[in-house]
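Input: a single structure, listed below in structure tokens.
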């Protein structure tokens, strides 16, 4: 597979050389560089993109899930949401708005540029989180959660697309794995932060006092806004204009992606790109798995403090006991991403860890012992959290060209986000404290996730064999070289990652 990709890259370079008519010298067109130079460029890109995106997504997820921490610190009592399904509706409205803005947001991102658009989103959801500290009733909370969805909807697919503009396919999952692991970092940090912030004495003006759960929203939102305002100072726009690279390094950063993806990174999104993403069978496989992963990840993110609280622990103990499972999930998610990139495999890793989550939910569903159930929480977080970045990266790996990847990342996350809506109804007040229904839904979901991973491996492997046998070469008949390049992932020489 590696030899085929090298051959394609060389052929693409030769085609660009042969068809150039602008007087550019052959030496300039045959721009070359060493592996050592590429490694230096990649390390510089790493330091200027991955830590920042990880921090921004951690803040994004923190502002999303802090409602779960606030719930057991008095929010449900103060806003009359202790019984019934009002809390579930407050969660659902966020995801409904969230999924509607994902694709349009990524198209705007492609047009405006990440350097200012992504920090704008960060400032937006930080400000909304801060304002949530002042809501007085359920209606106000619903409005705040809806606005939070508007700003957060473009964050995850936008950050994934942003990274895909800097990295090759075999480099992408490790980086996306690091930044998406910020979700588990936010879960761990959120529990610690909520335990501390809720202890701050009441303060503020008469009629607008800030206390307990209101402190959580106010200070976490304030921190987010400040970091969002500072983010453009560090964030680059694209490889060809990166401020931290010299002129030759910018050429290397842009050329290495052009050779692999065989597409102009500056090309605008067209309807053809949208159709290429929407009608890809593999994208549906990844989207279904991402949907099921989201039921688990998003559900645990907001309900884990409540689940632990119902095991018999106090509010503060439940906040603190939620930290270790998230820490373990973070470490494992990054390790799986690294191993997956190194092995060149996606489905095997994703399917294997989904099976671990299956074991965890089976224990939660049928075992009564509190300590054993807490152990199962580790199995669930470790098994499920690597799946989000894994399936998203798998879809993007198998989408050729940055314009198609921009749509793919948003499209897969959009369909996956529907899982977030389902997640808000998996754990309801009437099902506590054992939550048999919620655990059963997640158990079945993780079984199907493992099946999706298996199907993805078999489908991609079969398609690669068919193309290697020349049975897709008819797609090139009657096409010019430019039209053939527009085939993207349907090109007979394109090979899927399995």
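Just so you know, glycine gets a Cβ as well, placed from its N, Cα and C.
If you look up TrEMBL, you'll see 9-23 marked as compositional bias 'Polar residues'. Summarising the annotation, TrEMBL assigns domain 'Major facilitator superfamily (MFS) profile' to 49-464. Here TrEMBL flags 1-31 as region 'Disordered'. As annotated by TrEMBL, transmembrane segment applies to 49-67, 87-109, 116-135, 141-164, 176-196, 216-235, 284-308, 320-340, 347-367, 373-394, 406-428, 440-461.
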Contact check, the transmembrane segment (440-461) vs the transmembrane segment (284-308), 3+ Cβ pairs under 8 Å, seq sep 6+: yes
Contact between the transmembrane segment (116-135) and the transmembrane segment (216-235) (at least 3 Cβ pairs under 8 Å, separation 6+): yes
Stretch with greatest number of CB pairs under 8 Å, the transmembrane segment (176-196) reference, 49-67, 87-109, 347-367, 406-428 candidates: 49-67
Stretch contact, the transmembrane segment (141-164) with the transmembrane segment (320-340), Cβ-Cβ under 8 Å, 3+ pairs: no
Reported mean pLDDT - the domain 'Major facilitator superfamily (MFS) profile' (49-464): 86
Recorded stretch, among 320-340, 347-367, 373-394, maximising Cβ pairs under 8 Å relative to the transmembrane segment (406-428): 373-394
The transmembrane segment (373-394) and the transmembrane segment (49-67) contact flag, 3+ Cβ pairs under 8 angstroms: no
